[in-house]
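Asker: Quick paste from Swiss-Prot:
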type	residues	note
TRANSIT	1-46	transit peptide
BINDING	Arg95, Lys185, Ser309, Gly310, Gly311	substrate binding site
MOD_RES	Ser157	phosphoserine
MOD_RES	Ser215	phosphoserine
ACT_SITE	Glu225	active site, proton acceptor
ACT_SITE	Lys267	active site, schiff-base intermediate with dihydroxyacetone-P
MOD_RES	Lys394	N6,N6,N6-trimethyllysine
Amino acid sequence: MASTSLLKASPVLDKSEWVKGQSVLFRQPSSASVVLRNRATSLTVRAASSYADELVKTAKTIASPGRGILAMDESNATCGKRLDSIGLENTEANRQAFRTLLVSAPGLGQYVSGAILFEETLYQSTTEGKKMVDVLVEQNIVPGIKVDKGLVPLVGSNNESWCQGLDGLSSRTAAYYQQGARFAKWRTVVSIPNGPSALAVKEAAWGLARYAAISQDSGLVPIVEPEILLDGEHDIDRTYDVAEKVWAEVFFYLAQNNVMFEGILLKPSMVTPGAESKDRATPEQVAAYTLKLLRNRVPPAVPGIMFLSGGQSEVEATLNLNAMNQAPNPWHVSFSYARALQNTCLKTWGGRPENVNAAQTTLLARAKANSLAQLGKYTGEGESEEAKEGMFVKGYTY
């Protein structure tokens, strides 16, 4: 354990704690040092953004009982892959038609508290000429926006990636706020088969922290998402070890950047074996490992944990979420799903106008199932075989 003097002398790490196998965030210097450091951080955070009260209110609204997030922020290229799967061309009109179907589903706001949009969607209108943002707000759904600019190779790493998009982020987030967005999302990834290297983990954590600070300064609640990819043959213990170290580093840099924890949301991966592992985990095992991770690494000041599905089947993602809500948690534990909400809906629609109502009914059924899972009341009865099919894609890009 490092001494207090070492912590004071080295406020900025020049060598990742990943390498040392320790986390500065959870060290315990003298009580006086903790009080002074916390007091200084608290004062800095409150003064850093004039949106502090609004950020807390927005985060609590999204983290409301029985509701979660609809992630519909796929890039136009990824949206094109989805459309291609049902025989449609990747045109703005077709993207608009599917997004209209999603945001205008009657009663969606009963189960969904927030919707993450791609930039095109934030400025887009429905096929009826109404702004997508306005349609969401009318359903009591908070509009959000994807702000990262995607993954690029991380030079000097073991074939790993880093997330770009910090350049110009302050002006973009300010514009997104004016357009009606109230929260933001930044997705970076960690690959277990490729290490992960200390460099990749530190880069991911630092980028998330800078994005979070900038977003809060513009009035947007940042969703912090270091996705640990499902790729690999590793067991659940290996996933846990990596996740524990990743989240330690993330929170260390969030604190360094004076990010207000009450005004953020997390979007973690569930702790599962690698998708190519011979071992499979039950929902109870996934819940046990995941909740242990959260309790060891996530401060209770964070209002909401909104899990990503990461290629799990629709049913698997819902069952795992339900298992995590069988006992009280210090945070709102819910969902932020894309494919695990949209997949069956997309196939039901098939690009045909006459199928819109049926597709919306399918979307609502999936959203309701996850709403029940957030309350710990999902039974899994009546699920189709299609909803049980896994959606893992090796090397998946978003």
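Every residue gets a Cβ built from N, Cα and C, even glycine.
Give me the lay of the land around each of these features.
Answerer: Counting every protein chain shown, 20 other Cβ atoms lie within 10 Å of the Cβ of Gly311 (substrate binding site).
Around the Cβ of Ser157 (phosphoserine), 19 further Cβ atoms fall within 10 Å across all displayed protein chains.
Cβ-based neighbour count (10 Å, all protein chains) for Ser215 (phosphoserine) stands at 33. DSSP gives Ser215 (phosphoserine) a helix state.
Of all Cβ atoms in the protein chains displayed, 25 besides its own lie within 10 Å of the Cβ of Glu225 (active site, proton acceptor). DSSP gives Glu225 (active site, proton acceptor) a strand state.
For Lys267 (active site, schiff-base intermediate with dihydroxyacetone-P), the count of additional Cβ atoms within 10 Å of its Cβ stands at 22 [all protein chains shown].
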Asker: May I ask for the distance between Arg95 (substrate binding site) and Glu225 (active site, proton acceptor), taken between their Cα atoms and rounded to an integer number of Å?
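Answerer: Distance (Cα to Cα, whole Å): 25 Å.
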Asker: In sequence order, which residues at least six apart in the same chain have a CB under 8 Å from the CB of Lys185 (substrate binding site)?
Answerer: Ala71, Asp73, Ile116, Gly144, Ile145, Lys146, Val147, Asp148, Pro222, Ile223, Glu225, Lys267
Asker: Taking 10 A as the limit, how many CB atoms besides its own sit near the CB of Arg95 (substrate binding site)?
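Answerer: The answer is 21 other Cβ atoms.
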Asker: Determine the C-alpha span of the substrate site listed in the record, that is the greatest distance between any two of Arg95, Lys185, Ser309, Gly310, Gly311, in Å to the nearest whole number.
Answerer: 22
Asker: Helix, strand or coil: which one is Lys185 (substrate binding site) in, per DSSP?
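Answerer: The three-state answer is strand.
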Asker: Out of Ser309, Gly310, give me whichever of these binding-site residues has the highest number of other Cβ atoms within 10 Å.
Answerer: Ser309
Asker: Fill in the CA-CA distance, Ser309 (substrate binding site) to Ser215 (phosphoserine), as an integer in Å.
Answerer: 24
